Amino acid sequence: MLLLTILPASLMAAMLGGYFTWMQLSELQSQLLQRGEMIAQDLAPLAANALGRKDKVLLSRIATQTLEQTDVRAVSFLDTDRTVLAHAGPTMISPSPIGSGSQLLSSTGTDATRYLLPVFGSQRHLTSPIIPAEADTLLGWVELEISHNGTLLRGYRSLFASLLLILTGLAFTATLAVRMSRTINGPMSQIKQAVSQLKDGNLETRLPPLGSRELDELASGINRMAATLQNAQEELQLSIDQATEDVRQNLETIEIQNIELDLARKEALEASRIKSEFLANMSHEIRTPLNGILGFTHLLQKSELTPRQFDYLGTIEKSADNLLSIINEILDFSKIEAGKLVLDNIPFNLRDLLQDTLTILAPAAHAKQLELVSLVYRDTPLALSGDPLRLRQILTNLVSNAIKFTREGTIVARAMLEDETEEHAQLRISVQDTGIGLSSQDVRALFQAFSQADNSLSRQPGGTGLGLVISKRLIEQMGGEIGVDSTPGEGSEFWISLKLPKAREDKEESLNIPLGGLRAAVLEHHDLARQALEHQLEDCGLQTIVFNNLENLLNGVTAAHETPAAIDLAVLGVTALEISPERLRQHIWDLENLNCKVMVLCPTTEHALFQLAVHDVYTQLQAKPACTRKLQKALSELIAPRAVRADIGPPLSSRAPRVLCVDDNPANLLLVQTLLEDMGAEVVAVEGGYAAVNAVQQEAFDLVLMDVQMPGMDGRQATEAIRAWEAERNQSSLPIVALTAHAMANEKRSLLQSGMDDYLTKPISERQLAQVVLKWTGLALRNPAPERQNEALEVHVGPLVLDHEEGLRLAAGKADLAADMLAMLLASLDADREAIRVARANQDVHALIERIHRLHGATRYCGVPQLRSACQRAETLLKQNAPHTEEALNDLDKAIIRLEAEARVMA
């Protein structure tokens with residue numbers, strides 16, 4: 001209380017006292033300066049005559065008299081050049097004023113103020129008449145110094161008086177405050193104690209009257225508050241008791257609900273397990289008859305058929321393949337939903353992946369007269385790591401949808417770099433079409449399961465509606481995102497943004513081609529296709545010159561002929577609507593007469609049509625959209641053809657493998673047996689696991705093909721029994737390969753854990769059977785196609801070097817696609833052979849296996865059974881560190897040479 005009273009009063013007194021003291025000091029200082037100016041002004045006329053006469057005695061007397069005035073410290077009279085004529089008082093301590101002229105100058109220091117005033121002839125009028133000629137003549141200077149000491153002393157006295165008054169007032173205020181605090185502190189202490197007791201829960205506490213009206217009102221308010229709190233507490237306690245009773249009654253209900261929730265959770269888990277098991281069983285049940293349908297369809301296609309029957313079989317095969325793709329989509333979706341889809345992380349080439357995808361889908365686009373274009377920006381890293389199979393699946397889905405929903409125009413696939421670090425690359429891959437477009441409502445429902453933009457009964461494009469959902473889930477699992485920008489009636493652009501780690505650049509993949517510095521004329525009427533083609537040719541080292549029609553191109557080549565700027569190549573992108581094969585053949589003849597090599601790019605659907613226009617189909621005719629690697633190889637061959645080497649090698653194996661086939665389904669068993677026997681294998685077929693175990697114990701086999709799901713003893717149990725029997729006799733393990741229709745990852749892992757060495761997923765093709773036999777036995781099977789004879793009636797022993805029928809079958813009956821796949825393989829053979837040679841010279845087994853495995857993968861999609869078998873055998877022996885590895889590698893080298901030679905002959 002005392003502090004609250006004294007502190008504001010003290011602050012106010014200090015502020016007012018300080019303010020008035022400062023005002024008084026300022027006033028005294030101002031008066032002092034004015035007195036100094038007045039004294040200086042008065043001295044000027046008094047000393048004017050003396051200064052004019054240079055009368056030092058008179059000037060000294062005036063100066064001495066001036067010192068008698070208050071606060072005057074020193075006086076000086078100066079000549080015109082400021083030489084001292086007379087001085088009185090101590091030495092001046094203030095700095096001399098700076099300046100000149102007719103005005104009074106002053107300079108203020110800490111203890112004194114110094115004045116300097118010029119004296120002119122006009123100031124003599126006080127003692128003598130004014131002489132006009134001397135009115136403006138400078139007679140001298142009056143210098144005066146005024147001391148601040150007197151002023152400061154008066155200021156200190158005023159300050160002391162102010163402080164004395166302030167202290168007196170504060171003492172009086174403190175006395176009053178003490179008396180008032182004594183009358184307030186007692187009641188306040190009582191209030192404080194009462195509030196403290198209320199805080200501690202003593203709500204019965206009440207305050208008595210405190211002696212004043214205000215305090216009594218405060219006490220009354222506190223008492224009412226205490227009574228209210230007491231009543232509220234009693235009501236709260238009653239509520240708590242009631243709530244406790246309610247909780248006690250509800251505990252049993254909550255416990256029952258928890259039990260029900262636990263049961264529901266177990267039921268949900270069981271339902272999920274049953275769903276997964278159902279999908280696996282359905283996969284088996286559907287794939288098993290599909291295996292028979294596809295297998296026997298292939299067998300029927302080898303027999304003598306009428307054209308109509310062959311078409312019927314093609315329809316059956318296509319329908320079965322479509323059904324299989326639908327099943328695969330549903331199973332992929334189920335695996336993603338269950339979180340069981342595992343992504344690979346292997347190196348791949350982005351440009352090859354994108355262009356290969358477009359190559360596979362080109363026939364469908366060209367059948368609708370659509371233009372397919374791939375643009376890979378040059379700053380985009382090509383060597384990346386990830387899951388190329390799943391990325392290809394996503395791109396295939398996006399491009400397929402674009403083809404499906406585009407009636408005319410262009411489909412452009414772009415790959416560009418968004419951001420880059422030393423280790424990673426942020427990519428944006430987009431597929432843009434000129435199709436029907438999507439509304440905002442369609443876009444919102446686009447990435448939902450079993451949903452399509454048009455779900456009406458009259459919709460034309462088909463599908464399960466799972467493709468985009470699977471793509472979205474895959475991209476999200478890769479850590480990226482997928483989206484679409486679309487305008488109804490104008491088209492759509494589906495894009496994916498994905499961050500992938502960079503891979504080591506494979507220097508061996510770069511082709512050493514003699515194209516650097518050559519000039520190429522380019523003709524392509526489609527703007528984007530022309531831009532993509534220009535980039536590809538420039539990446540090959542060519543200098544490009546673009547022409548807008550074939551006549552201008554021919555004129556340009558003619559004009560440049562026999563000049564330093566001659567054009568070496570002409571790359572023509574044409575369609576049957578733009579030029580006929582006969583007319584094109586004439587232009588090619590004219591260009592070749594000008595020493596200009598010609599390459600023709602045409603749609604896959606018109607490949608057979610334009611074969612008549614070129615001399616060398618292999619090097620001169622390529623399908624749109626052109627693949628960079630394939631284009632490089634073809635251009636290199638066109639500029640510098642290689643010598644043909646046709647070494648004929650020995651057969652790859654000396655005896656037929658002996659295979660045990662086990663399956664409870666007679667149709668599947670007959671199919672596998674027939675396929676193997678047609679390829680030259682000795683087959684023993686049994687139904688059931690018990691029969692398989694007995695057969696292994698009684699006969700010797702090179703390989704066992706074991707069905708997994710069989711009654712009685714299934715494939716796993718039979719494998720475990722065989723392994724136990726082998727362990728008892730210390731025998732080497734017989735290779736056992738599972739034939740399964742299950743596609744779940746955990747199913748495949750459990751098969752390998754049960755003792756099986758490998759697995760094949762139904763439906764099974766001849767190629768898969770031949771590969772697995774070669775992989776686990778080292779014995780190559782004969783190609784099942786009918787034997788052919790060349791012009792010399794040479795009979796092929798073992799697998800054929802080049803089997804067009806098999807290539808056509810692997811390409812789903814599409815001749816153009818089969819030719820493109822074969823051309824892609826042939827384009828990479830030189831680089832693969834050189835890489836294998838370098839790896840053998842360096843004894844780098846890892847690089848050797850990697851390169852052969854890559855070549856082996858490429859042969860799986862082409863009708864080159866002999867090279868495929870050689871790759872399989874070499875890879876198997878290398879992995880097993882077998883003694884016949886060098887022989888297998890030599891056979892592989894000869895197989896490559898034979899394939900190149902036969903390709904040249906067939907072309």
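Here the Cβ of each residue, glycine as well, is placed from N, Cα and C on the backbone.
Non-local neighbours of the transmembrane segment (9-25) in the same chain are 151, 155, 158-159, 162-163, 165-166, 169-170, 173; each lies 6+ residues outside the stretch with a CB under 8 Å from one of its CB atoms. Taken from Swiss-Prot, the feature transmembrane segment applies to 9-25 (among others), supported by sequence analysis.
Marked as transmembrane segment by Swiss-Prot: 84-101 (among others). Same-chain residues lying 6 or more positions outside the transmembrane segment (84-101) and placing a CB less than 8 Å from one of its CB atoms are 51, 54, 56, 59-60, 62-64, 66-67, 72-78, 107-109, 111-116, 118, 140, 143, 145.
The feature transmembrane segment is assigned by Swiss-Prot to 159-178 (among others), with sequence analysis given as support.
The feature domain 'HAMP' is assigned by Swiss-Prot to 182-234, with sequence analysis given as support. The domain 'HAMP' (182-234) scores a mean pLDDT of 82 in the predicted structure.
Residues annotated as domain 'Histidine kinase' in Swiss-Prot: 281-502.
Swiss-Prot lists His284 (among others) with the feature phosphohistidine.
Sequence annotations record features per position, and here Swiss-Prot assigns domain 'Response regulatory' to 658-777 based on sequence analysis.
Taking Cβ-Cβ distances under 8 Å and a sequence separation of 6 or more, the neighbours of Asp707 (4-aspartylphosphate) in its chain are Val662, Asp663, Asp664, Asn665, Asn668, Gly715, Ala738, Leu739, Thr740. Residues or ranges marked as 4-aspartylphosphate by Swiss-Prot: Asp707.
For 814-907, the entry in Swiss-Prot reads domain 'HPt'.
Positions annotated as phosphohistidine by Swiss-Prot: His853 (among others). DSSP assigns His853 (phosphohistidine) to a helix. There are 15 other CB atoms within 10 A of the CB of His853 (phosphohistidine), with all protein chains counted.
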Of the residues in the domain 'HAMP' (182-234), how many are helix, strand and coil by DSSP? 40 helix, 0 strand, 13 coil
Count the residues of the domain 'HPt' (814-907) that DSSP assigns to helix (H, G, I), to strand (E, B) and to coil, and report the three numbers in that order. 80 helix, 0 strand, 14 coil
Report the DSSP secondary-structure composition of the domain 'Response regulatory' (658-777) as helix, strand and coil residue counts. 58 helix, 24 strand, 38 coil
